[in-house]
Amino acid sequence: MPVLVVNVDHVATLRQQRKGKEPDPLTAAHLVELAGARGIIVHLREDRRHIQDHDVELMARTLKTRLHLEMAATEEMQAIALARQPYMVCLVPEKREELTTEGGLAVAGREAFLKDYLAPIHARGILSSLFIEADEAQVRAAAAIGCPYIELHTGHFADAPTRAAQRAERDKIVRAIGLARSLGLGVNLGHGLNYDNIYEFADVPGISEFSIGHSIVARAVFTGFERAVADMAAIIARFPA
């Protein structure tokens with residue numbers, strides 16, 4: 001069955017509003033672990049708007065579960081990944097003006113660059129993933145460079161204005177999952193998933209992980225992290241492998 005990995009960036013966002021020490025995303029990460037999530041995600045952005053370098057360092061040293069590091073494909077981030085050695089790195093596009101990651105990484109046409117970029121990361125035994133749109137060309141390009149995983153962007157599905165539009169976006173994702181699996185790729189889903197819309201994937205086989213952050217942190221404000229994570233993990237536990 002698929003597993004839950006939880007993004008704690010929004011805890012760091014709240015901390016950075018006051019440039020203080022609280023709330024601590026490391027504490028949130030440990031609570032997420034205790035609640036049964038299989039991994040923690042942090043996005044170390046180039047502008048350091050939420051997660052900071054010391055957060056990654058502390059999590060890499062102390063977490064018992066998997067640390068997933070989201071990052072742009074820059075020399076600086078490559079060096080950090082090699083130094084901290086997370087379980088997985090996920091390459092994502094970044095724009096300074098965006099509130100959150102707005103779309104998938106352009107892989108098609110950049111295969112040679114990305115393959116070379118990931119080579120030293122793979123050599124250290126670190127898994128990699130590419131955050132991409134549910135698009136055939138992007139899926140095939142990801143497979144061509146030898147990346148073991150992709151994460152399909154579910155934001156268009158989550159933000160669809162009508163039920164029909166949502167179903168159309170879901171169908172694109174399901175087709176992309178099937179293609180990726182046929183090419184030997186592991187498939188993760190993430191962006192905009194919540195306690196309601198995640199059921200749209202309850203009958204879809206071939207998903208390895210669900211990457212969820214905002215909706216869990218939002219619920220945790222009222223229920224606490226352990227309850228919020230446990231509720232989502234219980235939903236996913238009923239999904240097929």
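Each Cβ is built from the backbone N, Cα and C atoms, and glycine gets one as well.
Among the features that Swiss-Prot reports, active site, proton acceptor is placed at HIS43 (among others). Around HIS43 (active site, proton acceptor), taking its Cβ as the centre, 24 other Cβ atoms fall within 10 Å, counting all chains. Classification of HIS43 (active site, proton acceptor) by DSSP places it within a strand.
Feature annotation from Swiss-Prot assigns active site, proton acceptor to GLU70 (among others). Taken residue by residue with DSSP, GLU70 (active site, proton acceptor) is part of a strand.
In this structure, HIS191 (active site, proton donor) belongs to neither helix nor strand by DSSP; it is coil. The active site, proton donor annotation in Swiss-Prot covers HIS191 and rests on sequence analysis.
Per Swiss-Prot, 3-amino-2-oxopropyl phosphate binding site is recorded for ASN7, ARG18, GLY192, GLY213, HIS214. The secondary structure of HIS214 (3-amino-2-oxopropyl phosphate binding site), as reduced to three states from DSSP, is helical.
Using a 10 Å Cβ-Cβ cutoff, ARG45 (1-deoxy-D-xylulose 5-phosphate binding site) registers 19 neighbours. What Swiss-Prot lists as 1-deoxy-D-xylulose 5-phosphate binding site is ASP9, HIS10, ARG45, HIS50, THR100, and the listing cites sequence analysis.
For GLU151, the entry in Swiss-Prot reads site 'Transition state stabilizer', with the evidence type sequence analysis. In this structure, GLU151 (site 'Transition state stabilizer') is part of a beta strand by DSSP. If you take the C-beta of GLU151 (site 'Transition state stabilizer') and look for same-chain residues 6 or more apart in sequence within under 8 angstroms, you find CYS90, SER129, LEU130, PHE131, ILE132, VAL187, ASN188, LEU189, GLY190, GLU209, SER211.
Summarising the environment of ASP9 (1-deoxy-D-xylulose 5-phosphate binding site), the number of other Cβ atoms within 10 Å of its Cβ, over all protein chains shown, is 22. Within 10 Å of ASP9 (1-deoxy-D-xylulose 5-phosphate binding site), counting CA to CA, the recorded positions ARG18, HIS43, HIS214 contribute HIS43, HIS214. In the three-state DSSP scheme, ASN7 (3-amino-2-oxopropyl phosphate binding site) is classed as strand. Of all the recorded positions in the list HIS10, HIS43, ARG45, HIS50, GLU70, the shortest Cα-Cα distance to GLY192 (3-amino-2-oxopropyl phosphate binding site) is found for HIS10. For HIS191 (active site, proton donor), the nearest of the recorded positions by C-alpha distance turns out to be GLY213; the candidates were ARG18, HIS43, ARG45, HIS50, GLY213. Across the annotated binding residues for 3-amino-2-oxopropyl phosphate (ASN7, ARG18, GLY192, GLY213, HIS214), the two most widely spaced Cα atoms sit 26 Å apart.
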